[in-house]
C-alpha cells in the first residue's frame, strides 16, 4: 500500500505550528514530577499531546500513536508495521518551565518500522526542522546538511548529562565524559535531545549523544540528521544496531566521526567495568 506521505506531512506540520503557538502564550504551568524528581511534566505537555493525537486520529483513524505522556501512564506499545505517530509534546520541559528558549514540539511518523517523516519545531526561536525520507532535511524550508566533520579533535559535542542523576547511568556517563573531554574541542549540554540532534543536522554541532532515552526523543530528529547526511548509531556496549524503540544513540556529522566516538567510548566502558570488578574483589 502506498501512503500519501506528503499529505501526512503537511497536516502534521500545521498541527505542530499550532502547538508551538500554545507554548508561546503559556501561563500557569502546573508542574508535576513523573517517576523521578528530575522528570517533569506540565499541563501543556498533556494538553498538546492530547490535541495532536486527537486531530491526527480524526484524520486517519487507522493510524497508531506513541506519545510520551500516554506511554508514561500505560507503557510504550509495541511498534508494528502500521503507520505510527511518535510524539513528544514538549522536549525540554525543564527548559520550558524555566523560560529557557530551548524546547520543541517533536512529531515523527514511522511506517513499516521505518522513520518516514520528522518535524521538530522550537517556537521560541521560530526554527522548524523537517524531513521526509529520501527528500533531504530542511530548516524553515531551506535545505540543511551536516558539516561533515571527521576529526574528533575539532569537535564541539553535546552530551545529554541530565540522566546522570539516575544511578543506572551515573558511572557510564562519568567514565565516558572523562575520556571524551581529553579528545574533543568542547562539550555542551542543552537539556533537549531533539534540538541538540537538529543542531548536528544543520552543522552547529558536530555530534550529540544521550543514553537511556525513548522513541519520541529520536523518531523525528534522527531522521532529520540522516537526511542531512549525518550518521546515527547505537552507543550501548552490546554492539547492536540502532533501535528506535530502545535508543541509546549518537548522531554525528559523519560516519567516520561516529566511529571515532565509539572507539573512545569502548575504552571508557572497559575502564569502568575493570574498576567495578576490582572494587568487587576488595569489597
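Just so you know, glycine gets a Cβ as well, placed from its N, Cα and C.
Quick caveat, the model's predicted, so the values are computed rather than measured.
When 58, 68, 69 are compared with the Mg(2+) 1 site residues 88, 91, 217 in TrEMBL, the one appearing in that site is 68. Put simply, residue 90 (Mg(2+) 2 binding site) is 9 Å from residue 68 (Mg(2+) 1 binding site) when counted between their Cα atoms. Residue density at residue 91 (Mg(2+) 1 binding site): 27 other Cβ atoms are found within 10 A of its Cβ, drawing on all protein chains shown. For the pair formed by residue 90 (Mg(2+) 2 binding site) and residue 217 (Mg(2+) 1 binding site), distance between Cα atoms is given as 10 Å, rounded to the nearest Å.
Within 10 Å of the C-beta of residue 88 (Mg(2+) 1 binding site) we count 31 further C-beta atoms, all protein chains included.
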